[in-house]
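If you scroll down you'll find the structure; I have some questions about it.
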Amino acid sequence: LSFLIFCRKSKGKPNGKKPAPEEKKLYLEPEYTKSRITDFEFKELVMLPREIDLNEWLASNTTTFFHHINLQYSTISEFCTGESCQTMAVCNTQYYWYDERGKKIKCTAPQYVDFVMSSVQKLVTDEDVFPTKYGKEFPNSFESLVKKICKYLFHVLAHIYSSHFKETLALELHGHLNTLYTHFILFIREFNLVDPKETTIMDDLTEVLCSSSGGSSNGSGNGSSNSAGAQNHVKER
C-alpha cells in the first residue's frame, strides 16, 4: 500500500531572504474560537468504554473521523486548487507525499489531500485491515496504521485552518470545524496516536479549543517556544 510510505521530515535550508512577517491567524480570534455546534464534554466521549475492545474503538472512531474530515474538506475543496494552494502547506511547514518506492513527490494541496483520502478509503474498506465480520482478527500492524491515518488527517485539518478558514467562515461552518478539531485532538491524545511534535504547528489553536473541553495542554507550551524559531525558514515534511 502506498499509504505505508509515510512522510519523512527534513529541515529546509534558509534561502538567505528575510522571512515574510507572519500573518495574523484569523482562526485564533476569540469571536471564532468560541463557536461550537455542541458544548459536550469531549474528554468523556473519547474514553474507551469498559465493554469495548480497544481495536474496535480505534477502528470505529478512526473511520468516523475520516468521513467527517473528508466531508469538512469537501465544503472548501472548490477553493483549494492547484493555483491557490501550489503546495501542501500549513503555516511555514510544507508536506510532501512519498510513493511506494519512497520517491519524494512535491504536490499541490488538493493532490496531497486526494492521496490521503484515497489511501485511507482503501484501508478502512479492507476487511483484512478494518474487519467488520464476526471472528475476524485485527492485523498486528493495526495500531501503527491508525497512527499513520490520524497523522495524515491532522494535516488536512491543519491545512483547512491555515489556508481556508476565511472560506469556512463565509460558509458559516467554523463551528463545525472547531467541534471536529477538538474531538479529533482529544481522541488522538487519549490514545497517543500522533507524536506531539507533529501537532506542535497548531498548538496555539489546540490550547484555545481544548482547554475548555477537558483536555490538557500536553506540551503545548513547548510548542509555542519552538514556533518562534520556525518562522525563519520553511520546514519540509
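The count begins at 1 with the first shown residue.
Here the Cβ of each residue, glycine as well, is placed from N, Cα and C on the backbone.
Feature list, courtesy of TrEMBL:
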BINDING   Cys80, Cys85, His159, His164  Zn(2+) binding site
REGION    212-237  region 'Disordered'
If you draw a 10 Å sphere on the Cβ of Cys80 (Zn(2+) binding site), how many other Cβ atoms land inside?
21
Taking the centroid of the Cβ atoms of Cys80, Cys85, His159, His164 (Zn(2+) site), which other same-chain residues have Cβ within 8 Å of it?
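Same chain, not in Cys80, Cys85, His159, His164, Cβ within 8 Å: Ile76, Phe79, Ser84, Ala109, Pro110, Val113, Ile160, Ser162, Ser163.
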Let me check the 10 A CB neighbour count of Cys85 (Zn(2+) binding site). How many other CB atoms are there?
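That number is 20.
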Measure from the Cβ of His164 (Zn(2+) binding site) and count the other Cβ atoms within 10 Å, all protein chains considered.
23
